[in-house]
Amino acid sequence: MNHFHYKQGELHAEGVSASRIAREFGTPCYVYSRAALETSFAAYQQALADVPHLICYAVKANSNLAVLDILARQGAGFDIVSVGELERVVAAGGDPAKTVFSGVGKTAGEMRRALELGIHCFNLESAAELEVLNRVAGELSLVAPVSVRVNPDVDARTHPYISTGLRENKFGVTMDEALRVYRRAAELPNINVQGLDCHIGSQLTDLSPFIDALHRLLGLVDQLAAEGIEIRHLDLGGGLGVRYRDEEPPAIADYVAAIRAELGDRELTLVLEPGRSIAANAGLLLTAVEYTKPTPEHNFALIDAGMNDMIRPALYQAWLDIQPARHVAGREAKTWDIVGPVCETADFLGKGRELAITDGDLLAVFGAGAYGFTMSSNYNSRPRAAEVIVDGEQLHLARRRETLEDLLRGEQRLPDGG
Ligand code: LLP
């Protein structure tokens, strides 16, 4: 079911019209559907119902507290990559014991906090990190649960900036190195080997790279078992793609079924770290057309959201569907470049779109629930957008729009006479 739909020509998020959201909270504004978030999370839960599992939503995709709260209430665990994300999980009522900590550059301070809170597992990305974690855990008289993130050297066939499982990427360790890291981990007093981890990339629309990676991982599980190192859980990361335009990613149920078929009857707890497949299509960005500007080359629609609000088109040439929030009969469609107010030529959200729009119209940028607000910035000293949650007929403010005071907070001029 689509939680964003048109009723009598007007876009609604669940039971709330886009124009009401704009009236109450202004634009640009991120809008998330609670039901959509719950539906995609439930698809993972149902597909895994009869096997030991932990679904660790990847916080980086959308880290708004209300979003984390919605997922925590469904029983989600979390995949974090910084102590900032960890504090968000805690503030949202998430369970540290269901949280895994990924990322190539964890600091000793971040490890300390995660150990104190008793997280589920550290996904180690280097031999050096293992030594630091053992020391920090020792200082706290604790034992750190670990997995090693393996880079299985498979081609995820996605955009190079979001491909992570090739030898040339900075993530994880090679299969050979992993053996050495596990042997060392097994010797260290403040380390407890729990699992094996990988994450090969994002927006994958084909199952075969996942299955290739899993196949290689299982080989390593067996090799480790032969050396007396027991792997209890297998963390396959995130990466399942979504439809933005005409992609045909596998359904969540089919993705999980393929993994389960490959796992057979092995007694391994399955950990997944989905981000995009939970949040992307649960959110849109509402923005208003400030000006229309026809030029000999292009018709520009200047909107009030820019690349600072949504950087994916500029950074990855990502295509996001853009539609008017109200269909007005009898208007002529033209081809538009939808551009923001930021002083960069890369500041566009869409190019060459056939739309019947004019000044003052509200537009919706779909597929904006993941890697939208979380990648936003204050570039050009632009306050960041509001975020709202729609729940049936109800509308909740999840993050107020930043103010001009927010922009200056924490900064100061030089001392007088300096
Ligand atoms: N686990 C790890 C270790 C990750 O690095 C990521 C994403 C995920 C899980 C979640 O992957 P997902 O299920 O969302 O594909 N900013 C880019 C995407 C970067 C993904 C980084 N890692 C974009 O907007 O396309």
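Positions of Cβ are set from backbone N, Cα and C atoms, glycine also.
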Record says Arg312, Tyr316, Glu344, Tyr371 bind substrate. Source is TrEMBL. Which of Arg276, Arg400, Arg401 does it list for that same site? Arg276
Where TrEMBL shows Glu273, Pro274, Gly275, Arg276, Tyr371 binding pyridoxal 5'-phosphate, which of Gly239, Gly340, Gly410 is named for the same site? Gly239
Apart from the site residues Gly239, Glu273, Pro274, Gly275, Arg276, Tyr371, the 8 Å Cβ neighbourhood of the pyridoxal 5'-phosphate centroid comprises Ala58, Lys60, Ala61, Ser202, Gly238, Leu240, Ser277, Ile278, Ala279, Ala370
Would you pick out, from the binding-site residues Glu273, Glu344, the residue whose Cβ has the largest number of other Cβ atoms within 10 Å? Glu273
Recorded positions Lys60, Tyr316, Glu344 vs Pro274 (pyridoxal 5'-phosphate binding site), shortest C-alpha separation belongs to Lys60
Under 8 Å Cβ-Cβ from Gly275 (pyridoxal 5'-phosphate binding site), six or more apart in the same chain: what's there? Tyr57, Ala58, Val59, Lys60, Ala61, Asn62, Asp79, Ser202, Gly238, Ala370, Tyr371
